[in-house]
Each structure stands twice: as C-alpha cells, then as structure tokens.
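Okay, so here's the structure we're looking at.
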C-alpha cells in the first residue's frame with residue numbers, strides 16, 4: 001500500500017457543527033468496519049521544497065502582490081476527499097479478468113484508494129451516534145477526521161510529520177487489529193481500477209498490430225525517463241462510486257498532475273482514463289516542460305498565433321497510440337500470477353536512477369505565450385488520443401459488450417509546473433481558484449480576529465478557471481441545436497437527446513456515431529438523426545500564472561456544486577482553515593455536502609449515510625474534492 005494510516009475523531013456538539021475536530025480517537029477494532037463511504041487523503045510537501053512562511057507575512061505579501069506578479073508561487077499541500085453515493089458496478093469486461101474469488105470483492109467495493117509512501121489516507125468513518133469522547137457533548141455527526149490531523153497533534157499542521165516517505169508499518173497498538181483488514185479491503189477495492197486496460201489490450205491483439213497500440217517497453221522507458229517513483233515520483237489514485245481521482249507529484253521536476261474523472265453509465269471509461277491519460281499527457285509534454293538528455297525534441301507543435309487561454313483546440317490524429325505496461329515494486333513473493341493481478345500505478349517501475357538527468361538540468365521551457373499555447377494544445381492531443389484509443393478498442397468489443405457505447409466520463413485535469421497552472425476540462429467538473437482582492441487589503445490589516453468565524457472578514461474571491469459544458473449553459477444548447485438543425489429533439493428534457501446532461505464528454509460513443517447507437521439494445525437507443533456527433537470531447541483550456549494573491553485551488557466533480565456555489569465553497573474552506581488550521585479542508589467540504597443534503601431531506605447526518613448506495617444517489621451525487629494550498633498560505637489565509 002505505502003500510505004500511512006491515521007484517524008481522528010470529529011463531530012459537532014449539540015449546538016451545531018462548528019468545532020467538530022477534537023482530540024484523537026482510535027480506529028475501530030472491528031476488522032470489518034466499512035470503508036465504502038469514501039476516503040480522505042493528503043500530501044504535504046517535504047520541508048526542503050517549502051519556503052518558510054509566518055502569519056505576519058500575509059498582509060505584507062498581499063499588499064506587494066501587484067509588484068510581485070512574476071514571483072514563483074508553488075503548492076504547499078494537497079488535501080483530498082471522495083464520497084460515494086452510487087452503487088459500485090463491475091467492469092463490463094470483468095468476466096474476462098476476475099478470478100471467482102476476486103469478483104465479489106471487486107464488484108461490491110464502492111470506494112478504494114492506493115498510493116505511494118508520501119501520501120497518507122484513511123477511509124471516511126462516521127462518528128458513532130451518541131458517542132462521547134474527550135468532550136462532554138454528544139456528537140451530532142461528522143467523520144473521523146482525515147490524515148491532516150496526525151498522531152496526537154493539537155496545534156497547527158507540522159509539515160515534518162507528513163514529509164515523505166511515510167512509514168507504512170508504524171501504527172499504534174490500538175490500530176493493530178484494524179490496519180491489516182483495512183489494507184486487505186483497500187487492495188480488493190482497487191482491483192477494478194486496472195481491469196479494463198488489461199482486458200482491452202488482450203482482446204485487441206487479434207485485431208491490431210502491436211504498432212497500433214505502441215510498444216509497452218518503449219512506454220515504460222519513457223516513464224522511467226520522467227523520474228519514476230524510486231527517484232521522487234509520488235502518486236495516488238482512488239475511486240468513490242463512479243468518480244475516479246488521480247494525483248501525480250514530482251518534487252524533483254516541480255510539477256503536479258491532478259485528474260478528476262466523473263463517470264456515468266459504468267466504470268470502464270473512468271478506469272481507462274486513470275490508466276492512460278497521465279501517460280499520454282507526459283508523452284505529449286516531453287520537450288515542452290522538460291528536457292531529456294537522451295532525446296532531442298523538436299518543437300513542431302508551436303501555434304501560429306499567440307494566446308494564453310484558448311477555449312478549444314483540435315487534435316492532431318497522426319501519431320500512434322502507446323500503452324504502458326504495469327510494473328510494480330518488489331514485495332514479498334506471493335506467486336507471479338497473483339502479483340500480475342494486483343492494481344498498481346502504470347508508471348511505477350523497478351529501475352536504475354543513475355542515468356537520469358539531474359533535476360537542475362531539467363529546465364522549465366515555457367517562457368512565452370506561444371509556449372503556453374503549445375502546452376495547452378499538447379494537453380488536448382493527449383485527451384483526444386486517449387479517447388481515440390478507448391473508442392477504437394471498445395469498437396472491437398461492442399458486439400459482445402454493447403454497454404461500452406453508453407459509458408463515458410467528464411474530465412478535469414490540472415498540471416502545475418512552478419508558477420504556471422494549466423487546466424483542461426470536459427463536462428461540468430470545476431477548478432475554482434481562491435485569490436485575494438487588493439481592495440480588501442486595508443480592511444484585513446485593520447480588522448480584528450478573535451477566533452470566531454463570524455468575525456473573520458471575507459478575504460478571498462472565487463475565480464472559476466473552467467467552463468461548464470452542460471445543458472444548463474445556454475451557449476452549449478444553442479451550439480448543439482445549430483449543429484443539428486434537422487433534429488428538433490437534439491435537446492429534450494433538458495438533456496442531449498433526452499439522455500445526457502453534459503454536452504461534452506469522454507466516451508459516450510452512442511452520442512457520437514450512429515454505429516455505436518445501433519449496437520445498443522433497443523431500449524437504450526436514441527433516435528439518431530444524420531451522422532454528426534451530438535456531443536464532443538473538445539476541452540476548454542486555461543493557463544494561469546500563480547501570484548502571491550492566490551491562496552488555494554479547489555478541484556472537484558459536480559457533486560460538490562449540487563449544494564455549493566463557487567463563492568460558498570471558497571468561503572467554507574477559508575473559514576475552516578482559519579478556525580482549524582490543522583484540519584482537512586477537502587474532507588470538511590465533503591462533510592458539509594452530507595449535512596446540507598440531510599438538512600434538505602429533513603433527516604439527520606446518520607440517517608442519510610445509513611441509506612444504501614444507489615438509493616442515496618437521490619440525495620447527493622458522488623463527490624470528489626482536492627484542495628491544493630499555495631505556499632502554505634492556506635493555513636493562515638484569514639488571520
């Protein structure tokens with residue numbers, strides 16, 4: 001597993017939900033405790049990569065922001081949480097892949113998580129009803145808190161406690177009975193995330209030459225050249241219902257990749273994205289964001305005209321698609337066949353790091369507007385080629401597995417390199433930046449703060465960096481109707497062909513080509529008029545240069561915004577970190593979604609989470625949230 005486990009108790013007093021985080025509590029000793037609700041995880045940057053910061057610097061830094069726009073601002077910590085509402089469904093191809101003893105566990109796990117050593121993670125565990133811990137009042141709800149509150153820490157977050165690598169075996173005696181069961185359950189829950197790629201590769205060998213799918217050895221070598229896990233690459237990936245989350249961090253190169261994939265109609269498209277999109281992004285960006293000693297890369301993707309944030313770009317469809325071969329770190333022998341079946345990151349390798357170029361020689365090459373556009377175009381190519389590979393392989397299997405034509409996913413991908421942040425999205429997931437307004441600086445410096453949320457002046461503004469692609473956006477509705485003038489039902493029941501709320505998506509072939517619609521059972525077919533696609537996978541793109549005004553970034557699936565506006569989400573994180581600097585802001589947002597959903601339905605927290613998966617989808621969607629702090633200022637952004 002690699003991730004260190006810790007769990008703390010949080011809850012609300014009888015008077016409300018404020019101050020839910022209290023003293024530590026042990027994990028339940030019951031080895032069968034549920035981890036299907038979701039998970040919380042974090043990554044805190046090692047001290048050597050962090051610029052020292054004190055609370056007194058906030059106002060001075062903010063006032064100097066305009067003069068320091070070119071100053072690099074890097075992330076300090078990553079907080080993530082995911083909550084499942086949908087029932088877990090097996091991969092369509094699982095009958096080809098799973099051994100009998102694996103199929104049951106894989107099909108029923110609604111949540112799973114796996115990571116390298118520098119991430120810490122725990123399952124979301126609700127505080128028991130009427131339990132009394134270190135405080136006298138009973139808890140009214142909430143989760144045992146996430147990994148940002150570690151050990152018996154009572155003060156602000158100490159980064160040294162979470163600087164990697166984290167020991168995977170250092171657990172207290174109170175947790176000894178729970179940890180082995182937790183690891184077993186997480187390993188079973190993660191198996192589905194690697195099934196689809198392996199099945200499709202095996203099934204399509206008889207349809208395609210090996211060149212069509214690329215050389216696995218060449219793909220593995222490319223990953224090794226990027227600085228794999230033994231040389232500092234850290235990763236995390238997990239699932240919650242139909243959502244998938246993927247994080248890759250390279251401290252040596254100074255970049256972080258985050259992917260949030262909000263699937264629909266099944267897990268195959270999202271699992272394919274987890275297995276392949278990062279690999280494609282890395283391949284397309286080679287030579288743009290880093291140099292490599294062994295290969296001279298020609299900059300043949302330069303745009304003709306400069307620009308910093310085009311909305312969509314077309315994909316070059318000439319290059320061949322490559323695939324990664326799974327490799328894994330050494331573990332105690334369990335049999336070669338069994339080892340092959342374990343879920344593991346695509347890029348994690350056993351390799352000799354001595355031939356890698358030193359970090360100081362891996363230079364950031366994006367230094368002009370043209371370079372930023374080239375990076376955005378490279379992200380688009382990576383997405384399009386990933387979808388082409390998915391649809392091409394699924395096309396060979398659609399006769400046997402017609403449901404593959406229904407499956408798709410929204411895509412939100414963020415790449416941060418130094419002070420440059422690149423955002424790509426398809427669908428209705430969002431990236432929201434919390435930034436400080438200069439007009440509020442004088443109020444902040446003159447205001448007082450006595451520890452209560454109500455006395456904290458609103459410091460930050462919410463800036464949405466993505467575009468929503470759904471029928472709720474009038475421009476998208478007009479575009480689809482203009483593209484299908486002969487089809488009055490192109491948009492019906494506030495959905496594309498009465499089926500899909502989003503107007504752009506990865507996969508969902510039945511809305512892109514008539515042949516995939518015809519492959520479906522009659523009850524699932526739409527009335528496909530003409531041959532033009534109803535939806536596309538053309539992303540919206542954005543480049544943003546971070547400044548000292550920027551405090552944190554919220555990346556999330558649309559489940560968060562069922563109960564929050566952008567401004568409310570930023571305000572919730574801002575107030576939470578002001579009152580609980582050692583807390584987990586992503587988990588707090590997920591918790592608030594449940595409280596708001598329960599309140600809307602006229603029930604309490606525990607009544608809601610006791611509703612089975614699937615039925616609970618009527619009250620809230622799957623929710624995946626990642627909060628990235630910038631220069632550590634998230635922890636003192638409103639002092």
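In case you wondered, yes, glycine gets a Cβ from its N, Cα and C as well.
Checking Swiss-Prot for region 'Disordered' across the ranges 295-341, 342-388, 389-435, 436-482 points to 295-341. For the Mn(2+) 2 site, Swiss-Prot records 262, 558, and the single candidate of 487, 494, 621 listed with them is 621.
Between the CA atoms of residue 621 (Mn(2+) 2 binding site) and residue 263 (Mn(2+) 1 binding site) there is a gap of 11 Å, rounded to the nearest whole number. Comparing the binding-site residues 262, 621 on other C-beta atoms within 10 angstroms of each C-beta gives the minimum for 621. For the recorded Mn(2+) 2 site, residues 262, 558, 621 set the reference point as the centre of their Cβ atoms, and the other residues of that chain within 8 Å of it by Cβ are 243, 410, 428, 429, 557, 559, 560, 562, 622, 623. Taking a C-beta cut-off of under 8 Å and a sequence gap of six or more, residue 263 (Mn(2+) 1 binding site) has these contacts in its own chain: 242, 243, 244, 269, 270, 407, 408, 409, 410.
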